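Among the features that Swiss-Prot reports, N-acetylproline is placed at PRO3, with the record citing sequence analysis. Per Swiss-Prot, the feature N6,N6,N6-trimethyllysine maps to LYS14; the stated evidence is sequence analysis. Feature annotation from Swiss-Prot assigns substrate binding site to ASN123, THR173, LYS177, ARG295, HIS327, SER379; the stated evidence is sequence analysis. Look at Swiss-Prot and you will find LYS175, HIS294 tagged as active site, proton acceptor. Residues or ranges marked as N6-carboxylysine in Swiss-Prot: LYS201. Positions annotated as site 'Transition state stabilizer' by Swiss-Prot, on the basis of sequence analysis: LYS334.
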Amino acid sequence: MSPQTETKASVGFKAGVKEYKLTYYTPEYETKDTDILAAFRVTPQPGVPPQEAGAAVAAESSTGTWTTVWTDGLTSLDRYKGRCYNIEPVPGEKDQYICYVAYPLDLFEEGSVTNMFTSIVGNVFGFKALRALRLEDLRIPPAYIKTFQGPPHGIQVERDKLNTYGRPLLGCTIKPKLGLSAKNYGRAVYECLRGGLDFTKDDENVNSQPFMRWRDRFLFCAEAIYKSQAETGEIKGHYLNATAGTCEEMIKRAVFARELGVPIVMHDYLTGGFTANTSLSHYCRDNGLLLHIHRAMHAVIDRQKNHGMHFRVLAKALRLSGGDHIHSGTVVGKLEGERDITLGFVDLLRDDFVEKDRSRGIYFTQDWVSLPGVIPVASGGIHVWHMPALTEIFGDDSVLQFGGGTLGHPWGNPPGAVANRVALEACVQARNEGRDLAAEGNAIIREACKWSPELAAACEVWKEIKFEFPAMD
């Protein structure tokens, strides 16, 4: 058939390339309650109009490709295409725009974070017409949320399992993160739990290495949990990292944890992947295990201000995929995190309904329609002097996790745990009495030092430790 010969299917079809904005930029579009809405920070290449850049994002993340294809006529593009419906310049930034894109719900497989991200961010970030692209926020409609199980248990169920109310939970990451034998590792777990912590934790890269195979670690940690529970009368846990090279191996480790009767397991959800995470979350709900989530690799995705994906999007995705805890930054420790922005995505993790608030980075009102909440975990370079600020910032429904801030105590692990527990109890009591933790925090800690030599020793060691660096560009 010669190139000039028309077929029946090509009647009305005009081959060639046309501007994306002619099809995918629709400023008159009124969004639907069932649409997934995305806010992209777009930096076009020189000479590319923002309308064309926004339309290109909508096209390449939905039904579009670089040229017109005759099979467009075999479906309804108006029904399935993404639409760039609004564009705002970013104040104070040259040639940056917030482009809002609406996606019809039919584009996405039910209950699949993997498919949602494959569509929205899977291909478009390498598009040549863009110098940079960042997904700032997503609005997940209730109709789509209802296709997900979400967290295995949620905040209230975890409180009931631990029988612990009215205060933040305390944790500790065992250090050194790599190199300990399973028996010595279990010893450190016992000492920290016995000293007053609620949880201890495998670090993100503790899986099953030659110096400590996973089964040995699970056994010694279970022994530490039961021994500390018997001696304190409190329910304890250790985040046993079930992350593995295959989904089958991951589930096998979770099964063994359940057989040991421990309360919680752990997963590295970004390196492990959303499909694996959702599978593990379903197993945990069915078998009564809490699920702690580590966000290892997140800064590769979210740290650049004009390219990648903001952590609030990863946090929303985790709430859909499933996890009872997730690391959220500290605001005050060694890892980056602005207070208002951090509290914005903390609310998105915990609350059932969150109003749009651009000052906190929340681009859309989000209704979670009773999907269980996720407890934020503050971790990274924190110590007893930070306790008042952490208690005031994160409130009761949080885990405050001190690794070096426990194990680095000059008297050893148990006094380190005691110091953190005393500092927390002092801050909670002061708050309940109506004192201002932000203004009186240091005084509250100093008062508690008078009747806790363990806390006094910790305060002396870390009194000058700060992590203050200029904000990133």
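In case you wondered, yes, glycine gets a Cβ from its N, Cα and C as well.
It should be emphasised that the depicted structure is a prediction, and the values quoted were computed from it without experimental measurement.
Nothing from the binding-site residues ASN123, HIS327, SER379 places its Cα within 10 Å of the Cα belonging to LYS175 (active site, proton acceptor). Under a cutoff of 8 A between CB atoms, and with a sequence separation of 6+ in the same chain, the neighbours of HIS327 (substrate binding site) are ILE293, HIS294, ARG295, PRO376, VAL377, SER379, GLY380.
For the binding-site residues listed here (ASN123, THR173, SER379), the lowest count of other CB atoms within 10 A around the CB belongs to ASN123.
Counting other CB atoms no more than 10 Å from each candidate's CB, the recorded positions LYS175, LYS177, LYS201 peak at LYS201. Fewest other C-beta atoms within 10 angstroms, among the recorded positions HIS294, ARG295, are seen around ARG295. Of all the binding-site residues listed here (ASN123, THR173, LYS177), THR173 has the Cα closest to the Cα of LYS201 (N6-carboxylysine). Maximum intra-site Cα distance, substrate binding residues ASN123, THR173, LYS177, ARG295, HIS327, SER379: 36 Å. In the three-state DSSP reading, the residue listed as 'N6-carboxylysine' counts as strand.
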